[in-house]
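A.B. asks: So Swiss-Prot says this about it:
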BINDING   Phe10, Ser11, Gly12, Gly13, Gln14, Asp15, Ser16, Thr17, Thr18, Cys19, Leu20  ATP binding site
BINDING   Cys188, Cys197, Cys200, Cys203  Zn(2+) binding site
Amino acid sequence: MNKEKAIVVFSGGQDSTTCLFWAKKKYEEVIAVSFDYNQKHKLELDCAKDICKKYNVEHHILDLNLLNQLAPNSLTRQDITVDKSAPKEGVPNSFVDGRNLLFLSFVAVFAKQKGVNTIITGVSQSDFSGYPDCRAVFIKSLNVTLDLAMDYEFEIITPLMWINKAETWKMAYDLGVLDIVKEETLTCYNGIKADGCGECPACKLRKKGYLEFEKQFMC
């Protein structure tokens, strides 16, 4: 298994950017892979491109526009408004069915062609917002499936799986990239960089985590 190279599933948001810099500390060569799935806000991809260019990371964008046809949701459809809070039943309408499954599967194919075994993704079960494809059991089962499907040994690493948003901010701080993550990333479901709109679930979670980070670790 090649332990010197890693591929990061990279959206340009808080979590994946933290994982990108975590990977840069641990591996000699890091490649970032982003996806164009016809998301409303192309600024997400612009952020990803800008970060990779600025910090000298090889970057690839894969076309996954078909996902928008298969799974209508508030992140890809202009006529669907993002839920401001989680529903009492079911998943938020910002959940894209199959997104992490497809992202990781496509990245695995890409990784094998590059001779890379390690795939890093920023999913977290602690702050998973009700998304079933952010759970550890899903990642573990998919890892086994990909190994069997391609007769190749993958290692899917999830640095954020068991930490909350405050601890994710702390990780960025420890890596020396707190300002980069705070100012140069896009987490907002309404496509606003840095602090975002402040109203969507992603912005609320990000802000809550930052305030808890300041209270717990910076006092």
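Note: Cβ is positioned from N, Cα and C throughout, glycine not excepted.
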A.B. asks: Where the distance is taken from Cα to Cα, which of the binding-site residues Cys188, Cys197, Cys200 turns out closest to Thr18 (ATP binding site)?
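C.D. replies: With Cα distances computed to Thr18 (ATP binding site), the winner among Cys188, Cys197, Cys200 is Cys188.
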A.B. asks: Hey, for the ATP site built from Phe10, Ser11, Gly12, Gly13, Gln14, Asp15, Ser16, Thr17, Thr18, Cys19, Leu20, who else sits with CB inside 8 A of the CB center?
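C.D. replies: Same chain, not in Phe10, Ser11, Gly12, Gly13, Gln14, Asp15, Ser16, Thr17, Thr18, Cys19, Leu20, Cβ within 8 Å: Val8, Gly122, Val181, Thr185.
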A.B. asks: Do me a favour and check the Cα-Cα span between Gln14 (ATP binding site) and Cys203 (Zn(2+) binding site); whole Å is fine.
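C.D. replies: So the alpha carbons of Gln14 (ATP binding site) and Cys203 (Zn(2+) binding site) sit roughly 10 Å from each other.
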A.B. asks: Relative to the Cα of Cys197 (Zn(2+) binding site), which of the binding-site residues Phe10, Gly12, Leu20 has the closest Cα?
C.D. replies: Gly12
A.B. asks: Roughly how many Å lie between the Cα atoms of Cys188 (Zn(2+) binding site) and Ser16 (ATP binding site), rounded to a whole value?
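C.D. replies: Per the Cα atoms, Cys188 (Zn(2+) binding site) and Ser16 (ATP binding site) stand 14 Å apart.
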A.B. asks: Work out how many Å separate Gly12 (ATP binding site) and Cys200 (Zn(2+) binding site) at their Cα atoms, rounded off.
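C.D. replies: One finds 17 Å between the Cα atoms of these residues.
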A.B. asks: Give me the count of other Cβ atoms within 10 A of the Cβ belonging to Phe10 (ATP binding site).
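C.D. replies: If we count other Cβ atoms within 10 Å of Phe10 (ATP binding site), we arrive at 31.
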